[in-house]
Amino acid sequence: MEGQWGRWRLAAAAAASSSGDQIAAAWAVVRARAVAPVLQFAVWACMAMSVMLVLEVAYMSLVSLVAVKLLRRVPERRYKWEPITTGSGGVGGGDGEDEEAATGGREAAAFPMVLVQIPMYNEKEVYKLSIGAACALTWPPDRIIIQVLDDSTDPAIKDLVELECKDWARKEINIKYEIRDNRKGYKAGALKKGMEHIYTQQCDFVAIFDADFQPESDFLLKTIPFLVHNPKIGLVQTRWEFVNYDVCLMTRIQKMSLDYHFKVEQESGSSMHSFFGFNGTAGVWRVSAINEAGGWKDRTTVEDMDLAVRASLKGWQFLYVGDIRVKSELPSTFKAYRHQQHRWTCGAANLFRKMATEIAKNKGVSVWKKLHLLYSFFFVRRVVAPILTFLFYCVVIPLSVMVPEVSIPVWGMVYIPTAITIMNAIRNPGSIHLMPFWILFENVMAMHRMRAALTGLLETMNVNQWVVTEKVGDHVKDKLEVPLLEPLKPTDCVERIYIPELMVAFYLLVCASYDLVLGAKHYYLYIYLQAFAFIALGFGFAGTSTPCS
């Protein structure tokens, strides 16, 4: 009996082994004939996009370094800049008597009329900061109008903002509190409505600050002269400075990315093309440039970039001044940052879809400028970059460990990303120690950016979804005598779990484990690290948050 049972076990084992061999053989055939060709095509597509991206990054880095560091092509050398001088010889922006001239002397008429717009939406944490900073700007009081555009839906917050405006009005500040019956067009709608008031028709320039931005008192004295003395300049953009960058690791990484954006992208665009995307705040527009471009439009969630592209097609030049910095707040919660990045990426891709034909057919600009707009500004930076990062580093490379027939060139997998990282590190020398975290975090965020870019390109139903970036007021909440916020309630643990991140993490863990046990490509160390990054963010271990209930 035992001998018969032994023969049955051997037969079953042989059958199982035979079945396993058949399955393995079948998978090998399918893999070689169907999976491998598709994956190899994806590899070469990613290689092509990688070359596009590294050349673009190298070009921008070289231009920004040579133009600013070596040739010293600073704004004051490229364009005429002189302090605004009154008829009697007084100079706006100086000390003593000169400062008196700038703040309302007899020669105030020498100063152009300036409108300062502050759009806000339920900004209970930071509204006092922006309003106070705007009201403290050094400029003749009869030559400036502060316009608070309050789209708040919370009646209590609206009352607080209106009360703050009345307090400044009692101090003889020319401040207007404006509200709308609806939020049509969101920020673009508010800015457009603000420009429709009769009193704005006397204004030559308009400075725009989001609710968490705090310009220095001499902001207008430094920026307006560029516009006054250079009639072809339609926009002066200044640099953002972050007051809460040290709150957590996520804000430090954000600072790295945005510092690179300003030092490289904006600087190179300003130096070589007199064009870049308006950042939506901390900038001064010539009103005639806005009007000639067709005003604010709400067709996308990047109304600032939309206006900039249209104004550029009309021949207006833009100037970025990196020496002028405006304090602002970074989103310190992962949820807020995800929403912000989705809005920026989706809106830019959607604007590309809407304006590509218009740019190509425009007869008022050169072929070189059309190429720069369509290829560099939109296609490579707003489409290729987000799609490539996630597709190649989080999908194709991990999957390739299971398909030995697929080969990935070392130059595309190692040399190009290393070159991009080095170029980023050169412009962020103080943050080199954060580079590994920056790489892993950006790869996770690339999942959301790719989805947002595809949403914008395909124009799905959520393409114009607008979620205002949450302001926490990290840098002021400990200094307030009376807290601006009620005590935060504990967060439901479920709300801190992000399923998409965890699904990608599971996929990466499977690929890494396969490579460790059965594979021969030895990518598992990188894949494991990237999987742990997805796990950390998937469970909400990024940014600031309240304890779980």
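From the backbone N, Cα and C atoms, a Cβ is placed for every residue, glycine too.
Record features (Swiss-Prot):
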- 35-55: transmembrane segment (TRANSMEM)
- Asp151: active site (ACT_SITE)
- Asp210, Asp212: substrate binding site (BINDING)
- Asp304: active site (ACT_SITE)
- 383-403: transmembrane segment (TRANSMEM)
- 406-426: transmembrane segment (TRANSMEM)
- 497-517: transmembrane segment (TRANSMEM)
- 523-543: transmembrane segment (TRANSMEM)
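The local packing around Asp210 (substrate binding site), expressed as other Cβ atoms within 10 Å of its Cβ over all shown chains, amounts to 24. In the three-state DSSP scheme, Asp304 (active site) is classed as helix. Considering only the recorded positions Asp151, Asp210, Asp212, Asp304 (active site) has Asp210 as its nearest partner by CA-CA distance. In the three-state DSSP scheme, Asp210 (substrate binding site) falls into the coil class. Long-range neighbours of the transmembrane segment (497-517) within the same chain, counting only residues 6 or more positions beyond its ends whose Cβ lies under 8 Å from a Cβ of the stretch, are 334, 394, 398-399, 401-402, 444, 447, 523-524, 527-528, 530-532, 534-535, 537-540. Between the transmembrane segment (35-55) and the stretches 383-403, 406-426, 523-543, Cβ pairs under 8 Å are most numerous for 383-403. For the recorded site, Asp151 (active site), the DSSP three-state label reads coil.
Within 10 Å of the Cβ of Asp151 (active site) there are 23 other Cβ atoms, across all protein chains. Comparing Asp212 (substrate binding site) with Asp151 (active site), their Cα atoms are 15 Å apart once rounded.
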